[in-house]
Each structure stands twice: as C-alpha cells, then as structure tokens.
Amino acid sequence: MSAITVGVVVFPGSNCDHDTAYALASFAGVKPVMLWHNNHDLQGAQAIVLPGGFSYGDYLRAGAIARFSPLMKEVVEFARKGYPVLGICNGFQVLLESGLLEGALSRNRDKKFLCCQTTITPVNCSTRFTEDYHQGEVLRIPIAHGEGNYFAPPEVLESLQEHNQIAFQYCNAQGEVTVEANPNGSLLNIAGIVNRAGNVLGLMPHPERASDAALGSVDGRLLFESLFRSLTGV
C-alpha cells in the first residue's frame with residue numbers, strides 16, 4: 001500500500017508545523033509534506049492540516065491575513081471537493097476566516113493567553129476525524145491560544161446543533177459540560193466544529209501535543225488514526 005500523503009501548510013508565523021508533521025510521521029505509512037503558503041501545489045496530498053501558530057503575526061485578527069495566501073485558494077477548493085481538511089488552533093481560525101466553517105473566534109474571556117491542559121469530550125463521533133472516539137469519554141488535550149472564544153449568532157448555533165456539527169466540547173474530569181470547565185468563554189463550551197459534510201474540522205486544542213506518551217497524553221492520537229483509517233478504508 002502506498003504512503004498516505006498529508007500536507008501541512010506553513011504560513012509565516014506558524015510554529016506548530018513541525019510538531020504536527022512529527023505526530024503525523026509517527027504513523028506507519030503516512031508521509032507529511034510541508035506546503036509553503038505562497039505556492040499553489042498541494043503535492044498530491046490526500047489530506048491537509050492547517051497547524052497552530054501566529055500566521056502573519058495575527059495582525060488585524062487571527063487568521064485574517066492567512067486566508068488570502070495563494071495556497072488557501074487550493075485548500076478551499078480541495079475541501080469543497082470533499083477531501084479532509086483539519087485546522088488546529090490558528091488553523092481553526094484560518095478555516096473560519098476562509099468561510100469553510102461558520103462562526104468566529106474572539107479574545108479569551110479573561111483577555112489572557114491560555115497555555116494549559118484541558119479536558120474535552122467528543123460530541124459527534126461519526127466524522128472521518130472522530131470515528132475512533134466514543135461519546136462521553138474524557139480526553140486530555142492541551143490548549144495554547146489568546147483568541148479561542150468561539151462565537152456565532154443564535155441561528156448558526158442552532159444549525160450546528162441541529163446538524164450535529166459540534167465535534168468537541170470542553171468538559172470537566174467527569175465528562176460534564178459545565179461553565180467552570182470552559183477555559184475561554186466559548187459559546188456552548190465549543191472546542192471544535194465540523195462542516196455539514198463532515199470533511200472539515202477545526203478545533204482549538206492541540207491533538208499533536210497529545211499524541212506521544214512522553215508528552216503526558218495520547219488522547220489526540222485517535223483523531224489522526226480516525227482520519228487515516230478513513231483514507232485507507234482499513
């Protein structure tokens with residue numbers, strides 16, 4: 001079986017691109033390729049990851065400039081054809097700015113940058129990113145962001161719920177979705193959402209930082225396993 005090629009987009013200011021590539025390369029049969037933002041060539045990628053960082057220094061607002069990168073035209077078309085696209089932290093912000101996902105991410109509730117371990121629970125376990133998870137389980141996955149406060153108008157929130165597009169919610173250690181467990185003020189404790197087709201996922205927690213036992217958690221690893229299983233049919 002030929003290797004699965006996964007493109008990792010590199011913007012000026014990305015700082016989790018190599019972490020993400022390292023996590024991807026830890027899976028047998030997976031070949032990460034770095035995709036510079038100023039190109040148009042996806043290098044035969046079967047999936048795309050927009051990693052965390054501070055693309056273009058987060059000027060204007062997080063992800064606002066990155067959406068205009070030449071490569072993003074290809075990523076948007078790639079996603080609209082039904083191929084999988086994952087946005088992590090700043091990558092989630094870019095997906096929102098690009099219109100591939102609905103809503104917006106604003107400054108954290110307390111206006112402080114947060115870098116800490118969080119617990120989240122899977123809500124929709126039927127997407128190609130989440131099939132290896134189980135509803136109600138508690139995942140330990142860290143966050144590191146200043147603008148992770150998810151906001152959307154009431155009609156968008158209703159639509160997300162109606163179409164099962166909330167992928168992950170912040171929860172406590174018992175798996176309860178509570179105000180106290182919400183680190184940044186996100187509406188409905190939203191930690192990640194998918195598009196209606198289920199092929200585009202954006203989340204603020206960093207699964208690549210929870211994919212190796214040496215990092216204290218492997219709970220993020222199943223997200224990548226789910227994706228690769230969907231690509232290989234195994």
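Cβ atoms here come from the backbone N, Cα and C positions, even for glycine.
What Swiss-Prot says about this protein:
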DOMAIN    6-234  domain 'Glutamine amidotransferase type-1'
ACT_SITE  C89  active site, nucleophile
ACT_SITE  H206  active site
ACT_SITE  E208  active site
Quick one: mean pLDDT on the domain 'Glutamine amidotransferase type-1' (6-234)? 96
Any same-chain residues 6+ apart from C89 (active site, nucleophile) with CB under 8 Å of its CB? Would you list them in sequence order, or say none? C16, P51, G52, G53, I143, A144, H145, G148, L203, M204, P205, H206
If you draw a 10 Å sphere on the Cβ of H206 (active site), how many other Cβ atoms land inside? 24
As a test of the contact definition, list every same-chain residue at least 6 positions from E208 (active site) whose Cβ is closer than 8 Å to its Cβ. C16, D19, T20, Y22, A23, L24, P51, I88, G220
